[in-house]
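Have a look at the structure below, then the notes.
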Amino acid sequence: MVGKGAKAMLNGAVPSEATKKDQNLKRGNWGNQIEFVLTSVGYAVGLGNVWRFPYLCYRNGGGAFMFPYFIMLTFCGIPLFFMELSFGQFASQGCLGVWRISPMFKGVGYGMMVVSTYIGIYYNVVICIAFYYFFSSMTPVLPWAYCSNPWNTPDCAGVLDASNITNGSRPPALPGNLSHALNHTLQRTSPSEEYWRLYVLKLSDDIGNFGEVRLPLLGCLGVSWVVVFLCLIRGVKSSGKVVYFTATFPYVVLTILFIRGVTLEGAFTGIMYYLTPQWDKILEAKVWGDAASQIFYSLGCAWGGLITMASYNKFHNNCYRDSVIITITNCATSVYAGFVIFSILGFMASHLGVDVSRVADHGPGLAFVAYPEALTLLPISPLWSLLFFFMLILLGLGTQFCLLETLVTAIVDEVGNEWILQKKTYVTLGVAVAGFLLGIPLTSQAGIYWLLLMDNYAASFSLVVISCIMCVSIMYIYGHHNYFQDIQMMLGFPPPLFFQICWRFVSPAIIFFILIFTVIQYQPITYNHYQYPGWAVAIGFLMALSSVICIPLYALYQLCRTDGDTLLQVRGGGRGQPGETGGGGCMGLQGSLLMTVPTPPPTMPTSPAASEKCNQAKQRLGARPPGAPNGALCPHHSTLS
């Protein structure tokens, strides 16, 4: 026989809670909590962990950067992550439905949808490029290994080409001579860079010169969207099974690359370059700003994905435990990836006889130029290339699953009728097709310019603004006492005092600091030596504002359509009222959002205290969406308690 405690755990409840049937049969739930944790890890651990964090670390003081990084994780990352998970789980709604607690701020949810749309469009283009490199690695010799290809220029100087010279007609050269041969001019171009720029992208000279659509990239973009759609064809029921592979196998690849990397000559030099602390940099504001920004963006806060994924949890799942596990896993992965990257870059720098800083890079330059060139120096280089790009594909897909599900869930929850619940697969297909069509311009010869423009503006300071407003609206508009009570009802214990202080004071202050830092440190976007024209930068700012502007616009719309002569009256009238869903009586709760349910016969006398508690709950929370299962709220009806 299974004990009560075991049954509670199987039901997703916290150990101190009795077993409750808190599943949402119409919306669906995760098969088990491992699926949710793996999905959230796959969402948080993305390409930025591999191609951005290691670069930031060595640029900002090496090991000394870890100190502000983990300080920001503790006081901003984990609290915000826990807030979004608890918000979504309590409401059992996506990023739009959760704002029934304060409809005036529903524009925050629309802002999240806009941000997820932008990121979903260009993120899948990055995945499609990784697919292209993955397929291109299925050859005996990597196509970016030598300078003997039709697309190469006279400036091309490859590591292997120079090695062949020294081992062929010329006498063997010392490492210093090899370095001189490869770096005799600052115009030296690696074969991997020319492969990326002249063959894969066929890069145009201006962002306005689209040129032709690169058909190989277009085909890979189609493959990317088909894979994403098939994995989400049944929503979380199908994606929850896929993440057992997509969220875990990247760690297998990272470990293989780590073992291979640390056994190479010069690997220790690269790792020391990555870790050696420069304690004087801790006093620089920029280091703290970079640490806060990296924590904020790498965890995926304010994208809407965390709220969406948590909304499929069972009501009593311990999301506090999950938030700590996921955030620490995300940051540990970033640190681990730094060892993998810099061990290989250290080997490459040693081979070239140059400083590690000469070969270190970040973003697409690391993923598609520097690291692939380093892999050509390894025996059986196509194998290591296949593993590396397969890892990038899986890291990207884990994030892309959640981005697409965020949009689909928001649409389905907003419509909320039986028809769209049954046709959710078609909604997923429609969003995927729209994402593919909108991504086509990014596969043109000017596509990389637009991709970087979207990356720098569409998901930058707008995320900070959205997160700050969400934090303030929950803590000060909905009310921190109400929110703490809701969490206690859900988890069986109130949020720890540390999180209460962070949510109310510390985290909003850090978010505001990130915003100020972003504004002060702003520099016009460039790509290599290309300076973006003013009109392109203006489009970037418009993309950033398009998500933020949703917040005041929807607030004005809500003010205009709600009865009341004063702001306080409007605030009270904006919430769902007891009679909205038909029937009168007590408010039942699953997740958070109350709905009216037929009043069963009272089983015990109604005390003044019980009536007061029920009335407070009615005033605090709006109408619960139809079909959501009942939970525990009303103190004087045993069927709901």
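In case you wondered, yes, glycine gets a Cβ from its N, Cα and C as well.
Nobody curates TrEMBL annotations by hand; they come from automatic prediction.
Features reported for this protein in TrEMBL:
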type: TRANSMEM; residues: 36-54; note: transmembrane segment
type: BINDING; residues: G42, V45, S298, N330, L395; note: Na(+) 1 binding site
type: TRANSMEM; residues: 66-87; note: transmembrane segment
type: TRANSMEM; residues: 108-135; note: transmembrane segment
type: DISULFID; residues: C147-C156; note: disulfide bond
type: TRANSMEM; residues: 215-236; note: transmembrane segment
type: TRANSMEM; residues: 248-275; note: transmembrane segment
type: TRANSMEM; residues: 295-312; note: transmembrane segment
type: TRANSMEM; residues: 324-349; note: transmembrane segment
type: TRANSMEM; residues: 383-404; note: transmembrane segment
type: TRANSMEM; residues: 425-451; note: transmembrane segment
type: TRANSMEM; residues: 457-477; note: transmembrane segment
type: TRANSMEM; residues: 497-520; note: transmembrane segment
type: TRANSMEM; residues: 532-557; note: transmembrane segment
type: REGION; residues: 600-641; note: region 'Disordered'
Nonlocal residues around V45 (Na(+) 1 binding site), in sequence order (Cβ under 8 Å, 6 or more apart)
A247, P250, T329, N330, T333, L395, G398
To the nearest whole angstrom, state the Cα distance for the pair G42 (Na(+) 1 binding site) and C147 (disulfide bond).
37
Long-range CB partners for the transmembrane segment (497-520) (under 8 A, at least six residues beyond its ends), listed in sequence order, are 72, 75-76, 79-80, 82-83, 285-286, 289, 292-293, 296, 460-461, 464-465, 467-468, 471-472, 474-475, 480, 484
Take the C-alpha atoms of C156 (disulfide bond) and S298 (Na(+) 1 binding site) and report the distance between them in angstrom, rounded.
36
Stretch of maximal Cβ-Cβ contact with the transmembrane segment (108-135) [cut-off: under 8 Å; candidates 66-87, 295-312, 383-404, 532-557]:
383-404
In the same chain, outside G42, V45, S298, N330, L395, whose C-beta lies within 8 angstroms of the Cβ mean position for the Na(+) 1 site?
V41, Y43, A44, G46, G48, N49, T333, G398, T399
Quick note, C147 (disulfide bond) and S298 (Na(+) 1 binding site): C-alpha atoms separated, nearest Å, by 37
Within-chain partners of the transmembrane segment (248-275) [C-beta distance under 8 Å, separation at least 6 from its ends]
38, 45, 54, 57-58, 62-63, 333, 336-351, 356-357, 360, 378, 384, 387-388, 390-391, 394-395, 398
Same chain only, please: residues at least 6 beyond the ends of the transmembrane segment (532-557) with a C-beta under 8 Å from a C-beta of the stretch. Say none if there are none.
104-108, 110-112, 114-115, 118, 206-208, 449, 453-454, 456-458, 460-462, 465-466, 469, 524-526
Whether the transmembrane segment (324-349) meets the transmembrane segment (425-451): three or more C-beta pairs under 8 angstroms:
no
Using a Cβ-Cβ cut-off of under 8 Å, list the residues of the same chain that are 6+ residues beyond the ends of the transmembrane segment (457-477) and lie near it.
80, 83, 87, 101-102, 104-105, 108, 111-112, 115, 118-119, 122, 296-297, 301-303, 483, 503-504, 507-508, 511-512, 514-515, 518-519, 525, 540-541, 543-545, 547-548, 551, 571
With a cut-off of 8 Å between Cβ atoms, can you find at least three pairs linking the transmembrane segment (425-451) to the transmembrane segment (215-236)? Only pairs 6 or more residues apart in sequence count.
yes
Which same-chain residues, if any, lie at least 6 apart from S298 (Na(+) 1 binding site) yet have Cβ under 8 Å of it
A44, G46, G48, N49, R52, F53, N330, C331, S334
Note down the number of other Cβ atoms within 10 Å of the Cβ of C156 (disulfide bond), including every protein chain shown.
20
Quick one, of the recorded positions C147, L395, which Cβ has the fewest other Cβ within 10 Å?
C147
